[in-house]
Amino acid sequence: MSAKGLDVQQVVQQVKSLLLDNVDLSQPSLLLSLAAIAFNPTAWNIVARNEYRNKTLTKVFGSPKNGCYFLALMIFSFGVLRDHLFQKALQDQPRVPILPAEYSTIVPAVLFGLGQLFVITSTWQLGVTGTFLGDYFGILMDARVEGFPFNVLRDPMYVGSTMCFVATSLWYERPAGLLISVYVYIVYLIALRFEGPWTDMIYSKRAAEQKKNKSS
């Protein structure tokens, strides 16, 4: 099958070969990177749900805000560690040109810049407590954030983070990194299936309580 002289099957085969033939599964750094990527959202969801039910960090640090700030520090620190392990994994993988030479620098640079823009502006809009699971501590926002980048993407922080993983893989010319990036996005999608309904429940409960208080 072809489209205007382009052999689609051949292109697909070349892409599959580029990705699958250039992954060294024997490298421990690859498995460690994958484990760190999965650990972060899993651990923070568990900690946050425990906080909602038992107020563990609130009791330890004396207030919901202090507990949330501590969790934010942990999330940020483990995020830095995750990124370090990802770069180490890339270094241990085969290097193969992915993009044409004239695009090998500009494309990843633009992609990384856009990804960081989404991440940074999301954090700015939500603030520390809004970004780092403050709603599980009872620190709720007054209204849904609708400004940029939330007027462009539903989950700009996760999308932006994934874009940065892809950009880094392209910059260092590691096909294995692209597969890791797909894995990152899948992990984020799974995390959202847990975070989304839980967050909706928290805000719905507050709305019901406010409605009850007004009617009483």
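In case you wondered, yes, glycine gets a Cβ from its N, Cα and C as well.
TrEMBL does not curate its annotations; it predicts them automatically.
What TrEMBL says about this one:
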- Gly113, Leu114, Gly115, Glu195, Gly196: S-adenosyl-L-methionine binding site (BINDING)
- 28-48: intramembrane segment (INTRAMEM)
- 1-27: topological domain 'Lumenal' (TOPO_DOM)
- 49-60: topological domain 'Lumenal' (TOPO_DOM)
- 82-108: topological domain 'Cytoplasmic' (TOPO_DOM)
- 130-172: topological domain 'Lumenal' (TOPO_DOM)
- 194-216: topological domain 'Cytoplasmic' (TOPO_DOM)
- 29-47: transmembrane segment (TRANSMEM)
- 68-86: transmembrane segment (TRANSMEM)
- 106-134: transmembrane segment (TRANSMEM)
- 178-196: transmembrane segment (TRANSMEM)
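Annotated features taken from TrEMBL, shown on the structure.
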residue : record                               : Cβ neighbours (10 Å)
Gly113  : S-adenosyl-L-methionine binding site : 13
Leu114  : S-adenosyl-L-methionine binding site : 16
Gly115  : S-adenosyl-L-methionine binding site : 22
Glu195  : S-adenosyl-L-methionine binding site : 21
Gly196  : S-adenosyl-L-methionine binding site : 12
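Using DSSP to sort the residues of the topological domain 'Lumenal' (49-60) gives these counts of helix, strand and coil: 11 helix, 0 strand, 1 coil. Residue pairs drawn from Gly113, Leu114, Gly115, Glu195, Gly196, the listed S-adenosyl-L-methionine binders, are separated by up to 27 Å at the Cα level. Residue counts for the topological domain 'Cytoplasmic' (194-216) by DSSP state, with H, G and I taken as helix and E and B as strand, are 22 helix, 0 strand, 1 coil. Within the chain carrying the topological domain 'Lumenal' (49-60), a Cβ under 8 angstroms from the stretch's Cβ atoms is held by residues 66-68, 70-71, 133, 136-137, 198, 202, all 6 or more beyond its ends.
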